């Protein structure tokens with residue numbers, strides 16, 4: 001049987017070599033003459049060393065965990081997380097099996113065994129995973145910040161564009177209103193001129209004739225100056241100063257002497273004059 005397999009393998013190799021030479025492909029190295037690919041024999045040996053189908057689970061202690069989603073093998077963080085979840089799920093299923101079978105499975109308190117990896121090494125692994133997780137979160141936050149900044153710039157540009165358009169429309173409406181007034185020639189006065197100037201609410205501009213009660217025409221404070229209690233003392237001082245210095249108005253040449261004021265000696269007091277001389281001495 002082995003000789004027949006060798007002959008079949010040599011015939012297939014010769015046929016493949018002839019086909020490759022015809023196609024012009026690169027010629028591969030010749031396989032070793034003593035190599036044998038016996039599929040039936042390999043399967044027979046695998047059946048000999050494998051567990052029988054009726055053997056109990058306590059002899060194998062193996063569990064098959066189905067991975068729900070595919071994992072990128074080049075992503076270290078995702079790969080390690082998949083290992084962790086599979087091991088955790090397998091441990092939980094094994095605990096349930098041992099409990100259902102009534103077999104002890106926990107390590108005794110006085111049993112010590114050397115771990116495959118030290119605690120310091122596992123702390124380093126955990127720190128590395130946490131650092132990579134933090135780096136990914138920071139990158140995600142930066143991406144969100146860039147996206148928000150870009151969106152805010154777009155909104156700001158849109159608002160600026162709308163304001164520019166609104167300003168342009170208002171200028172055009174004012175120009176239109178001026179043109180209409182020029183065409184009317186101001187013949188009937190401001191109230192009689194028909195103005196078709198439309199604003200945002202769609203109403204035509206009209207000057208209001210309403211007057212606010214209690215507000216003087218020249219009062220810019222809106223009547224606030226008259227509000228509040230009146231200070232009598234301050235009002236008396238204001239009246240005295242007004243009687244002495246006047247209430248404003250033209251100041252030029254107001255105190256200039258005339259012939260009548262020069263000859264008027266009613267305010268002259270001789271005693272005051274002598275007193276002034278004594279003080280000067």
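Counting begins at 1 with the first residue displayed.
Using the three backbone atoms N, Cα and C, a Cβ is placed for every residue, glycine included.
Curation plays no part in TrEMBL annotations; they are all automatic predictions.
Feature annotations, courtesy of TrEMBL:
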COMPBIAS  1-12  compositional bias 'Basic and acidic residues'
COMPBIAS  143-153  compositional bias 'Basic and acidic residues'
COMPBIAS  159-175  compositional bias 'Basic and acidic residues'
COMPBIAS  189-212  compositional bias 'Basic and acidic residues'
COMPBIAS  223-236  compositional bias 'Basic residues'
COMPBIAS  255-264  compositional bias 'Polar residues'
REGION    1-32  region 'Disordered'
REGION    143-281  region 'Disordered'
With helix taken as DSSP H, G or I, strand as E or B and everything else coil, how many residues of the compositional bias 'Basic and acidic residues' (159-175) land in each class? 17 helix, 0 strand, 0 coil
Could you break down the residues of the compositional bias 'Basic and acidic residues' (143-153) into DSSP helix, strand and coil, giving a count for each? 11 helix, 0 strand, 0 coil
DSSP tally for the compositional bias 'Polar residues' (255-264), helix/strand/coil in that order, comes to 5 helix, 0 strand, 5 coil
